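Trainee: The structure is given below, and queries will be raised subsequently.
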Amino acid sequence: MQEVVANLDHVKFDLEYAIEQQLGVQPLPFTGMDKSGAPVCHFFKLSICQRGANCPFRHVLGDKAIVCKHWLRGLCKKGDQCEFLHEYDMSKMPECYFYARFGRCDNKDCQYQHIDPASKIKDCPWYDRGFCKHGATCKHRHRRKIMCMNYLVGFCPEGGKCKFVHPLWELPITEQKGTRCHICNEFGHKANQCHRNSNFKLDSMSSETNGGLVLRINKSPASMQTNVKRLVDEIFEQRNRTQRDQSKLNPVFQPRGGPRDLSRITCFKCGQKGHYASRCSDLFPNLQRP
């Protein structure tokens with residue numbers, strides 16, 4: 001009734017005008033000063049602040065929804081350029097890692113949010129629309145709500161402030177699940193089975209091509225073990241074949257682990273060939289050479 005009889009909305013004092021226009025405000029003596037206790041710059045919201053870094057008010061955007069954890073400990077060096085809030089607001093604090101991970105936090109003075117896991121469950125869009133085929137096994141929350149009768153008829157004068165529910169008739173978008181290939185960005189297969197992968201080999205290809213070894217792709221674990229065993233056997237067979245070919249080209253070559261040719265051994269005691277220093281006759285006269 002007072003607003004009807006004596007409305008003062010059109011009255012504006014000079015003090016209010018001076019505060020809005022920031023009259024008499026002096027710039028900071030140097031940049032980088034702590035402005036955590038200062039209010040938000042009104043001109044910065046309108047993108048018309050000309051003081052820049054010397055402005056005594058905070059240049060904070062409205063889209064910052066989480067408090068800076070480094071600012072809480074006095075370690076943030078970004079100042080107004082930080083993408084997080086430099087303001088202690090418990091409703092905008094980050095979530096406690098230990099409470100979210102283990103379900104409990106033993107720190108009595110914990111300054112982070114302890115969010116109930118049940119509150120993180122989203123409402124089922126199909127149930128809100130009228131019916132959910134998953135029933136009680138649905139991973140989303142089924143919460144009964146009272147629909148607005150005016151909205152069902154066609155129009156609700158309350159709009160978004162209505163205490164009843166305004167249902168959405170659009171079909172919910174189903175998320176694609178399964179393995180995603182990082183080559184073609186399609187779901188349903190891995191990169192090693194993608195048709196665009198140059199290393200992909202079909203099951204119909206032979207296991208040996210131009211002297212190389214190819215492992216066939218098969219999803220069965222038993223067949224995979226068989227293919228691996230076959231591949232190992234072929235690797236050892238190919239190595240033995242290579243050693244035999246080299247021994248034919250170079251008769252002096254012998255496989256590792258066999259006896260060495262004594263004619264190529266030089267004794268460092270007497271300087272002669274044909275024996276080791278441990279069997280040198282100059283060092284041991286009574287020792288007979290083999």
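Any Cβ shown, glycine's included, is placed from N, Cα and C.
Automatic prediction, not curation, is the source of TrEMBL annotations.
Quick paste of what TrEMBL says about this protein:
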- 35-61: domain 'C3H1-type' (DOMAIN)
- 62-89: domain 'C3H1-type' (DOMAIN)
- 90-117: domain 'C3H1-type' (DOMAIN)
- 118-142: domain 'C3H1-type' (DOMAIN)
- 143-169: domain 'C3H1-type' (DOMAIN)
- 267-280: domain 'CCHC-type' (DOMAIN)
- 35-61: zinc finger (ZN_FING)
- 62-89: zinc finger (ZN_FING)
- 90-117: zinc finger (ZN_FING)
- 118-142: zinc finger (ZN_FING)
- 143-169: zinc finger (ZN_FING)
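Buried or exposed, and what's around them? Tell me for each listed feature.
Mentor: The average pLDDT computed for the domain 'C3H1-type' (35-61) is 78.
Listed as Cβ neighbours of the domain 'C3H1-type' (90-117) (distance under 8 Å, sequence separation of 6 or more from its ends, same chain) are residues 65-67, 69, 72.
When the domain 'C3H1-type' (118-142) is classified with DSSP, helix, strand and coil residues number 11 helix, 2 strand, 12 coil.
With a threshold of 8 Å between CB atoms, the same-chain residues lying at least 6 positions outside the domain 'C3H1-type' (143-169) that come near it are 123, 125, 127-130.
For the zinc finger (35-61), DSSP puts the residue distribution at 7 helix, 2 strand, 18 coil.
Tertiary neighbourhood of the zinc finger (62-89): same-chain residues 32, 35-36, 45, 53, 111, selected by CB-CB distance under 8 Å and a gap of 6+ residues from either end.
Residue counts of the zinc finger (143-169) by helix, strand and coil are 8 helix, 2 strand, 17 coil (DSSP-based).
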Trainee: Which residues of the chain, 6 or more past the ends of the zinc finger (35-61), have a CB below 8 A from one of its CBs?
Mentor: 20, 22, 25-28, 71, 79-80, 85-87
